[in-house]
Amino acid sequence: MASTLAEFEVQWEIQKTDLKGNLIAETPRRRRRGDATEHEVINLVRYDGVRLYPGVTIVCKVEGADELSAYMIHEVRLNTSNYVELWCLNYLSWYEINAAERYKQLDGEFYETNKEKGDKFFEETFASQSIKNELYLTAELSEIYLRDLQFVANIKNEKEYLDSVNEGKMDSNMFLCRSACLPSGTNLADLDIHFFEEKIRSSNPKVSLEYLRDITLPKLPKPLNKSKVHAREKVVATKLQSDNTPSKKSFQQTVSKTNAEVQRIASTIVNEKEAISDNESDLSEYHESKEEFANASSSDSDEEFEDYQSAEELAIVEPAKKKVRSIKPDIPISPVKSQTPLQPSAVHSSPRKFFKNNIVRAKKAYTPFSKRYKNPKDIPDLNDIFQRHNNDLDIAALEERFRTVSAKGKMETIFSKVKKQLNSRNSKEEIVKAADFDNYLPARENEFASIYLSLYSAIEAGTSTSIYIAGTPGVGKTLTVREVVKDLMTSADQKELPRFQYIEINGLKIVKASDSYEVFWQKISGEKLTSGAAMESLEFYFNKVPATKKRPIVVLLDELDALVSKSQDVMYNFFNWATYSNAKLIVVAVANTLDLPERHLGNKISSRIGFTRIMFTGYTHEELRTIINLRLKYLNESSFYVDPETGSSYMISPDSSTIETDEEEKRKDFSNYKRLKLRINPDAIEIASRKIASVSGDVRRALKVVKRAVEYAENDYLKRLRYERLVNSKKDTSGNGTGNEELQSVEIKHITKALNESSTSPEQQFISGLSFSGKLFLYALINLIKKKQTDVQLGDIVEEMRLLIDVNGNNKYILELKRILFQNDSVDTKEQLRAVSWDYILLQLLDAGVVVRQYLKNERLSTIKLNISMEDAEQCLHEDEMLKTF
C-alpha cells in the first residue's frame, strides 16, 4: 500500500464525481454566487480499479492488531498533513457486543429470568445465536491509513443477505449490517445501511454523524407489551454453531451453504428484526418527531421556552402526540431529502424552515440541562451519552490502543507495578521506585507520586477532591499532571481503574472568566450553551445527577491566576462543585503564585481548596543539566550532510542514511556534500544551567538558550564555509567530499551570546538606556507595588522618589542629582516637588509601553500601572551602578 507521497501518486488517482458517479471537470473559472451548487464526492481510484469514497466499507489490518477490522468511510480529506486522510466510522463484530445489555434491551423477560447466571451465560448464548458475519455500525471516528487497506467489503441489508444465503452466493467479502449501536456495544437500533450510505454521500459529514449519534442515543424504556414479549422468546430458540465460548475469531468467516444453515439464518434474521422493531421507534417516527418539534418551536411563549426538550426526549415523553404511520420495517422511509438542489432557485426555496431551525438552535443554546428533566430519576445513564467524544489527552500518543481491537499484551503502568503497596505507608516511595523518571520526567518523581496518589484515591473511591499546585513558570507543573493522567488513563483503558474523563481549561486562552463555564460544559456533554445556561447545567450535573449515572471528571485549571476576578464567582463555583457528595469531580488547580488562595481568593474559596497543596521549586543546576542532556541526547555527537552551495543540511543516522527525508532526497547524491559533526561542549551546558538556575530555574528558558546557541554555532560554520568557498573558488575542490568529516562545537561564547539575548528583551534594553530620573521613577513604582499590593497613584510615586533621595542624602552624588532634578540648592519647598522635564519622563515610559496611566484632571490622583514583568524591570534596575547604592 502507499506509505509515501511518491507511492500514492503511482498507485492512486483522485477524482471528483457527482452523486450519480459522473466525473466533474476541473475548471479554473470561479462559480458565480447565484449559480446552483453541485455536490462533489471525492473518489480515490486505485490502478486495479478499486474505488474508495464516502459510504464504502473497507477492511483493514491496523498495525499492532491481531485481527482485521471493518470501517465505513465517512469523509475523505485532501491537502492535509497526510495529503489524503480517510476518516471512518468503526464497526463492531459480534463478540464486541455487550450480550447482557442486548438481551436486557430486546428480551427483558429472558434477561430477568437468567440474570443471576452472570454475563458469561449471556455471552455464550449470544455466541451460539449470532451471525458471525454481522457488523454493527457506531458513531466513533478513526483515521485510517491507505497502507492498512486489505479489501473493500460487500455490505448487505438483511433482505439482500437472506437472498444471498438462499441462492448460495455467499463469499468471504460479504457482511450483514442492519443495526447501529454505541461504541461500548450497547443500545442496538435499527439501521437501513444503504439509506445511511446515501446520506453520507449526499449530506455534510457533520449531519450524517449527528444522525447516527441520534439514533443510537439511549432512550427512556417504554412499557413492555406482554403479547409481544412472548414473540421475542423465539430469538433464543435456535442455536447456531457448536461454539459455546465467545472467543475472538478471524474477521472473515466461511458461511455454510446447507439448507439447515439457510433456515437458521432466515429464522434468526426474522426473529431479531421483530425484537428490535418492538423496542425501538422506526425511522419515520424519528424524523416525524423532529419535524413536529421544529414546527412547535416557532411559538414565542415563555412557557414553551422553559419546557424545551430535545427531539429524542419529546418522542419519549409525549408519544401520543406523534402520528405513527404503519410501515414495513424492511424499508425505513425517511422524509429527509437530498441536499442536492434540483433547480437553481432551490437554494432560496424555504427561508421559513431555516428560520425555525435557527429558533430551535437559539433556544437550545439558552436552555440549561436542568430544564430538560423535572425529576432527577428520569435522567438516563450518562456514562455512554456524555464524555465519549471529548477528552483532552494526547490522542496521537495513544492512537494505536484506541484503534486496536485486541493488543498482544497490556502496557505496564504504575498501578500494575505497585497496586498492592498503594494503600500502605510507603506508597510514595514505591511509586518513585516503580518508574524510571530520569528518562522522561527527571527531578519530579516526588511531585509525580504525590499527585498520583491524590488522583488515584479519588478515582478509585468515586469521590471528589481539590489539589492546588503552585510554582514559578517552567518548573514542570503542567507536564507532571499530564504524565500522571496518561498513566491513570492507560490503567483505566486496561480496566485496572474506573474510566474517567480528563479536561483541560487554560486561563490564558479564555477571554472572560465566565467563558470557562461554556468550555467546561461543552467538553463534558458535547453541546454548546451560553455562560449562564452552562453554569446552571454544571450546577445541576454535579449536585443532582446521581453518582451512578456519570463518570469521574478530572479537570485541570491551568494558569489559575488568569481566572481570578473581583467577584470570584468562577473560582468559587469550581471548588464548591468538588464539595458535593454526588459530584465525582477532581479539580487540579495550577498557578504561578504560591500564596494565591490567601492573597486573592478569600477565606470561602481557600477553605474549599483544602489542604492538598503541592509546591514545585525551581530546578537546580544539576537538574537542569540532566534535563538538557536528556533533550539533546540525539543532537549531541550527531552528523549532518551540508550543501556547500546553499547551506541546507540533512541529519545522518548511525547507519549513514538520512533521517526524515522523502524518497527524492533519499536518492540524492551526497558525494559532493560536506559531512559535519556537531558536538556540544559540556562546559557550555554547565554554564547555561548554572546561570538560569541562579535566576529562575526555568527549564523552558534553559532549552531555549541552548537551542539558540546551536543556531549561533550553525551561523558561524556557514560563515566559515562561505569564506572558504570564496578563497578556494579557483581551486579544485573535488576532493572535499563526504570522506572528510568536519567538526563544529557549541562553545561557551555561543551560550553566553544566547544568554544575553534571552535576558535582554526589548523592554529591558529600553530600561537600560533610560536616564537616571526614568529609572528612579520605575524604582519608586516597584517599591510601592510591593508595599501596597494595589494600584499606585502618581502623587505617591513623587513622594516615594523624594523619600528615596532624602534617605540617601549623605551621598554626594545623590545631592548633586537632587539639585539637578529639583533645581534647588538648600531648602525644599512645595513648589519644587515637580522635577524638571517631568512630562517628558512620563510620556517616554508611556510610549514605550513600560507603564500605563489613567488620565484624570488631577494628575496626582491618576493611577500608574506597570505594564511589563516586574522581574525583568528589577533585573535592569539592579544592574544600574547608581541605584545599587539605594
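Going from the start of the chain as shown, residues are counted 1 onward.
Here the Cβ of each residue, glycine as well, is placed from N, Cα and C on the backbone.
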Query raised in the report: Where Swiss-Prot shows Gly471, Thr472, Pro473, Gly474, Val475, Gly476, Lys477, Thr478, Leu479, Glu559, Asn592 binding ATP, which of Arg700, Arg708, Arg720 is named for the same site?
Result: Arg700
Requested in this report: List the same-chain residues at least 6 positions away in sequence whose Cβ sits under 8 Å from the Cβ of Glu101 (site 'Histone H4K20me2 binding'), in sequence order, or say none.
Outcome: Gly185, Thr186, Asn187
Query - Assigned element (helix, strand, coil) containing Glu559 (Mg(2+) binding site), judged by DSSP - result: coil
Query raised in the report: Going along the chain, which residues six or more apart from Glu559 (Mg(2+) binding site) have their CB under 8 A from its CB?
Result: Asn506, Gly507, Leu508, Val590, Ala591, Asn592
Report summary line: Students should find that the Cβ of Asp558 (Mg(2+) binding site) has, within 10 Å, a number of other Cβ atoms equal to 20
